[in-house]
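Listed in TrEMBL:
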- 1-42: region 'Disordered' (REGION)
- 16-35: compositional bias 'Polar residues' (COMPBIAS)
- 45-374: domain 'Kinesin motor' (DOMAIN)
- Gly131, Gln132, Thr133, Gly134, Thr135, Gly136, Lys137, Thr138: ATP binding site (BINDING)
- 465-492: coiled coil (COILED)
Amino acid sequence: MDNSRTKQQRKGSLCLTPSSMSRTLWSSESPTRDSQSSDDRKGVNVQVVLRCRPLNEDEKKTRTNQVISCDELNQQVTATPNNSNKLMDRTFVFDKVFGPTSQQKELYDDVVGPTINEVLEGYSWTIFAYGQTGTGKTYTMEGEGRKEKNGQFHKNAGVIPRAVQHIFDILESKKADYSVKVTFLELYNEEITDLLASDEKKRPLVLMEDGKGFVFVRGLEEEIVSTANEIYTILEKGSSKKHTAETLLNKQSNRSHSIFSITIQIKESSSDGSELIKCGKLNLVDLAGSENILRSGAREIRAREAGEINKSLLTLGRVINALADNSESKLTRLLRDSLGGKTKTCMIATISPSVLSLEETLGTLDYAFRAKSIKNTPEANRKVMKSALVIELYSQIDRLKQELHETRDTNGVYVPRDDYQSEETNKKQLMELQELYLYQQQLTVDLKDQLESTKRDLNMTGQSLLNLENQYQRAKDMIEEKENMISNLLCSGKELTETAIELRSDLEGAASDISTLFDTIGLLIQDSIQSSFTSKAEAIAELTKQMEKLKGLYGSGIKHLDDSAEELYENSRLTLRSLSSELSTSSTYIMNLVGNTSSDAVTISNGLKSSLNYLSSTIAAFIQQEEENRGRTYQTSKSISESFLNFSKNLNVYISKLRLMEEDSQTITNQKLSAFTKKFEEFSVGEERLLLGKIAELLANSTSRKKNLIQAAVDDVLESNCKRTNKINQEISDMQSFNADAEETLKNHIEKTESNYVANTAAIEAGKGTIEDGLQSW
Ligand SMILES: Nc1ncnc2c1ncn2[C@@H]1O[C@H](COP(=O)(O)OP(=O)(O)OP(=O)(O)O)[C@@H](O)[C@H]1O
């Protein structure tokens, strides 16, 4: 075929006009024998690929936890529902796994690229994306971004544009005679619409089945694509018509399923000279989100949509499970051939790594994992050119007839009666011919199919019988093995229970021993602390008593001193008074004597006068000195009294400080003891539980831990006691040294007073002596 021709020329040259019927008829052709490999005849499993998207911006902002880890090397995906319990992890193995950092190109090259060659060989491939809303189904299938100016794909371009480009690249390099057609349909609320039809032609399409169970959409427009670049326009045109809505999980969420199909017909000459048409097809399906209604935030109409989506997915799920129940949903019917039919199928399951989507993710993983076991028996569509041409001819007639009916019905075009009648006769004849041909063809095909299917059934029955026998044998072996295991387990379980009971009673005994030990230790500690407190309180009381005694002693000493000073003063006063009276008596006597001896009177009087003057000055000096001594004694006594009062005050402060310290230390000790008791109780409860749940080895560890704890507590109490005792000793020694200082000062004062007293007495004695001398000299 010449690819430079226009679309219309293309339509005409091969008679491969866009028609839904044509696909049905193509499909009804049986494949040529050599086109099917033995693997294909045995059946190939649906390939399941898992893709996990990265966290989106919102999830990154809210620091959402990731619970999915992808092992691309081993093709495993692990869901970790609970970080603390690894036993809850669930691991799934798939044909391929693509983690959050995977690129669009990688996925295409690994998964879709290899299918293109098979499509060009005449096989049908269906690739569908399945997963919760917002997990990247549309991103994977259609992608984002337009093609770059240099012809390169945008890095976010998805499977569809890459597949079309790939197909054209191969066809161009082979210089093949080909035609590429695409259809794009949407299934919304169980209603099929053509996403490529113009708005005026837009109406719900009917899903039909031909006599052999092949499904086709009547009236679906096929767009002929001559260059890969056209695909962007087609995609944009179709995508813009899709039913989308904003949900909590995706701003532009597809509420519908969409199927983008590419049909490639390649004309080839076979070895016997006849011409062959290879007709391959690639269906790219983007399913609606599989999430539940409430999570997606869907309300009212959205809820109804979600119900419909789930109905489709539910029935699809049933197909996957039972490969039956194929009449309920249009989606199921559309995909029937892809799930257990003649089409090769690949499922791309998309998931989110977020903890918030965990439930849906696990659902998707389960569903995808189950899909792995579905088997297809692919067949290539290769037809002999002649029959192909005839079929196309009939399909064209069919299309023309349909168009004619539609034109008459809708636009009312006038056709002359004769023309109409002859057209009708022609049509009738053609119909008859067509029916005859189809009937014969049908017969042959049916017979061939029957033969093939009987052979297949026979093979399969034989195989299933063998499998069943093997399974039976395996099941028997397994049952025996399990019975042995169970009896072994029962025996060891019994032994374990006995050991556990023994251990438990041991542990209980040990626990009660430990608690008795702790009680005893607690009592001992309390007793020792109590007795130490009592002895200290007694010591303090004794100390206080002694201090009081000392105080009394010092008081009486001072009083005694004061009394002696007073007595001294009184004695001095009395001495002076007697001295004065003696003096006045002497004076009188002298005056009398003077009167008698008048002659000597003047001389004696003068001598006496001078003696008297001397005596009175001596007495005055003595009195002054005595007064000074008395003042000094008074000052000394006063300072002694003051310092003793200060000492007494300080002593009282020290005593009250000591009392406070004792009380504080008692409170701290009490608090420590109660904290220790509480801690110990909590620890014991926890430990007891732990110990009861574990075995004897743990008991030994626990006991040693408890011993250490007790030791630490005892050490702690002893240490704090020791510290307190040291402190008290320090205070007592400070007090003793202060007391010694005070004693020293007092001693000095007494000595000083004594020396003063001695000096005073000596001075008095000297004064007395002088007076006596004076008197004697008289
Ligand atoms: N693998 C990925 N790498 C980067 N971004 C991704 C990936 N998968 C999805 N996204 C982003 O996540 C958002 C949602 O993706 P998308 O619309 O394809 O989800 P969906 O599964 O089709 O949702 P719905 O079912 O609601 O239509 C988009 O903004 C898309 O760009």
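Using N, Cα and C of the backbone, Cβ positions are placed for all residues, glycine too.
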Would you pick out, from the binding-site residues Gly131, Gly134, Gly136, the residue whose Cβ has the largest number of other Cβ atoms within 10 Å?
Gly131
Counting across all protein chains shown, how many other Cβ atoms sit within 10 Å of the Cβ of Lys137 (ATP binding site)?
29
Among the binding-site residues Gln132, Thr133, Gly134, Thr135, Lys137, name every one whose Cβ is found under 6 angstroms from ligand 1, counting any of its atoms.
Thr133, Gly134, Thr135, Lys137
Over the coiled coil (465-492), work out the mean pLDDT and round it to an integer.
83
I'd like to know which of the binding-site residues Thr133, Thr138 has the most other Cβ atoms within 10 Å of its Cβ.
Thr133
Which has the fewest other Cβ atoms within 10 Å: Gln132, Thr135, the binding-site residues listed?
Gln132
